[in-house]
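Below is one structure, written out as structure tokens; the observations come after it.
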Amino acid sequence: MFFDDEFDVIVVGGGHAGTEAALAAARTGARTLLLTQNVETLGQMSCNPAIGGIGKGHLVKEIDAMGGLMARAADRAGIQFRILNASKGPAVRATRAQADRSLYRKAVREGLSAQENLSLFQQTVVDLIVEGRRAAGVVTQMGLKFRSRCVVLTVGTFLAGRIHIGLENYDGGRAGDPPATDLARRLRDLGFKVARLKTGTPPRIDRRSVDFSRMAEQPGDDPTPVFSFLGTREEHPPQVSCYITRTNERTHELIRAGLDRSPMFTGVIEGIGPRYCPSIEDKVVRFAERDSHQIFVEPEGLDSLEIYPNGISTSLPFDVQLAVVRSIQGFEDARITRPGYAIEYDFFDPRDLRHSLETRHMENLFFAGQINGTTGYEEAAAQGLLAGLNAARKARDLEPWWPGRDEAYLGVLVDDLITRGTSEPYRMFTSRAEYRLVLREDNADLRLTETGRALGLVDDARWSAFEAKREAIETLGARLAARRIRPDSSQAESWNALTEIPLQREASLLELLRRPDVGLEHIAGHAPDLFEGMDRAVREQVEIAAKYTGYIERQQAEIERVRRYEAWQLPDSMDYGKVIGLSSEVREKLGRVRPATVGQAARIPGITPAAISLLLVHLRRTGAA
């Protein structure tokens with residue numbers, strides 16, 4: 001039976017990737033359907049109750065800059081906010097919010113309900129409607145068929161998901177939810193290259209059984225930062241502290257004694273886990289020289305009786321989990337409310353995707369989130385936004401869009417996946433971005449909001465606020481450039497008292513701001529009239545631009561140099577066997593990845609500068625350059 005309505009875009013899965021995908025498609029005007037197993041779990045935080053962090057916060061800001069929901073939901077649900085790396089340079093500073101799970105889920109549901117052009121339907125998807133090599137809709141478990149121009153799969157850990165606790169295991173998409181076994185089988189039958197990954201979660205603990213007095217308190221920042229460029233502190237719920245404790249040698253002895261019943265160390269689990277978020281048993285084995293590991297004790301919510309012990313993800317048997325938890329300071333009398341577990345699931349080789357996140361093997365089918373081998377809410381949400389946008393554009397026969405590595409962390413994320421692939425869950429870090437000085441959290445709106453507006457993602461309210469901010473930045477910069485100080489003036493004496501190098505020539509306040517020992521607060525103290533009506537975000541942008549102008553200019557010059565490679569397009573049908581001089585290994589890699597540009601080809605592991613030179617010679621000789 002076919003559903004009455006047809007859609008431009010169908011999104012399968014209501015997690016962080018799915019919600020952003022559905023919202024992005026609908027914001028551009030596409031008739032969008034979001035299909036989920038359970039509408040009550042839309043936007044659910046399946047693992048840790050937090051948004052942001054190093055590299056991840058940058059993605060959240062970029063999602064927000066393009067009209068996405070994640071940052072606004074974090075502002076409405078955040079019960080502790082911190083700026084990580086606050087003492088370091090602006091490129092690596094990152095916002096992190098501890099979130100109330102219930103409030104976050106509520107904010108996501110309200111955002112979905114308020115979105116025009118978006119419908120919700122609760123059913124498990126078991127099959128795709130395929131016409132030739134094109135996706136044309138989906139089929140649900142009760143045989144209901146939905147037709148659409150494009151389909152976006154954002155199915156998280158549900159594809160053939162299997163949950164492990166000790167040597168016991170069972171099918172599941174996450175604790176309490178069934179897996180998507182039929183859909184996983186169908187995708188395998190369609191010829192997609194599949195492998196297995198695993199992730200895990202720690203046991204939850206009854207907060208009433210925890211002695212917080214034996215732990216170190218970790219309060220949030222004051223004043224609290226906001227996540228969204230449109231956010232305000234007034235939106236934040238009451239703020240609370242987290243706590244820190246540590247494992248000890250007794251903890252490690254218990255873990256080592258239980259390894260003979262660990263699914264990881266007995267070969268039961270075959271999937272590869274996240275390198276940068278390993279289980280506690282993995283940490284104890286890999287870092288045997290360490291006598292303790294830090295645990296962040298995080299509240300699950302203002303009204304929740306559960307806490308999340310971040311740092312002891314485990315799939316050990318329950319009796320070992322309980323002994324391990326009670327060996328930790330502050331947890332001596334702890335009661336576990338839910339055991340930790342590991343989950344194995346299918347993912348598909350992201351090198352089989354285009355930069356738009358459309359699959360190469362099947363037209364009109366897009367993948368986003370953990371199905372592509374990533375880990376983390378933020379990585380999933382960013383992919384969801386891109387896939388939803390491009391599915392909507394494909395449905396209307398428009399060209400796809402994606403950001404470059406020099407434009408957004410989202411561009412770095414997608415290019416890494418498409419070009420390099422991954423054999424382990426991929427997590428974003430600032431170190432993955434070669435142009436991180438220009439890809440800061442603080443300027444995500446300046447980088448992406450204008451593009452988002454052109455793509456139909458940014459509404460009038462956000463655009464108006466952005467234009468006002470951009471104008472204020474230009475105004476303040478012009479004011480500082482116009483106000484000048486002569487070395488023989490009375491003002492120069494007060495400036496010389498602030499700096500190690502006396503003023504030798506006439507200089508503008510903007511030039512003075514470039515000095516490392518002069519801050520904007522010094523200038524504001526001497527010329528407060530210049531700062532009337534200028535908020536903190538505007539002042540911050542002007543100061544960063546002044547302080548780092550030389551570094552930014554050099555990075556921009558490097559970006560322009562590299563862009564020349566990106567301008568050389570490579571046809572998808574290119575026969576690399578005809579490129580004279582390439583080794584068989586290089587030909588195989590180029591044929592496997594099928595890079596879209598010479599720049600992407602240069603980033604494929606094992607492709608040498610000599611091979612790129614041969615490729616350029618071939619392009620010029622054949623008239624393709």
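Cβ coordinates come from backbone N, Cα and C, glycine included.
According to Swiss-Prot, the FAD binding site annotation covers Gly13, Gly14, Gly15, His16, Ala17, Gly18. The NAD(+) binding site annotation in Swiss-Prot covers 273-287.
Of the recorded residues, Arg275 (NAD(+) binding site) and His16 (FAD binding site) place their C-alpha atoms 22 Å from one another. Other Cβ atoms within 10 Å of the Cβ of Gly273 (NAD(+) binding site) number 21 in total over all chains. Of the recorded residues, Gly13 (FAD binding site) and Glu281 (NAD(+) binding site) place their C-alpha atoms 31 Å from one another. Residues Val11, Thr19, Glu20, Ala21, Thr36, Gly43, Thr154, Val155, Gly156, Gly369, Ala380, Gly384 surround the recorded FAD site, their Cβ atoms falling within 8 Å of the Cβ centroid of Gly13, Gly14, Gly15, His16, Ala17, Gly18, which are themselves excluded.
For Ser279 (NAD(+) binding site), the same-chain residues lying six or more positions away in sequence with a CB closer than 8 A to its CB are Gly200, Met264, Gly273, Ser313, Thr314, Ser315, Ala342. The binding-site residues shown are Cys277, Glu281, Val285, Phe287; of these, the one with its CA atom nearest the CA of His16 (FAD binding site) is Cys277. Same-chain residues at least 6 positions away in sequence with a Cβ under 8 Å from that of Gly18 (FAD binding site) are, in sequence order, Val11, Val12, Leu34, Thr36, Val152, Thr154, Ala368, Gly369, Gly384. Comparing local CB density within 10 A for the binding-site residues Gly14, Val285, Phe287, the maximum falls on Gly14.
Cα of Lys283 (NAD(+) binding site) to Cα of Gly14 (FAD binding site): a distance of 32 Å. When Cβ atoms from all protein chains are considered, those within 10 Å of Gly15 (FAD binding site) total 29, not counting its own. The DSSP secondary structure for Arg275 (NAD(+) binding site) is coil. Taking the Cα atom of each, Cys277 (NAD(+) binding site) and Ala17 (FAD binding site) are about 20 angstrom apart. With a cut-off of 8 Å between CB atoms and residues at least 6 apart in sequence, the same chain places Thr154, Gly156, Ala368, Gly369, Gln370, Ala380, Ala381, Gln383, Gly384, Ala387 near Ala17 (FAD binding site), listed in sequence order.
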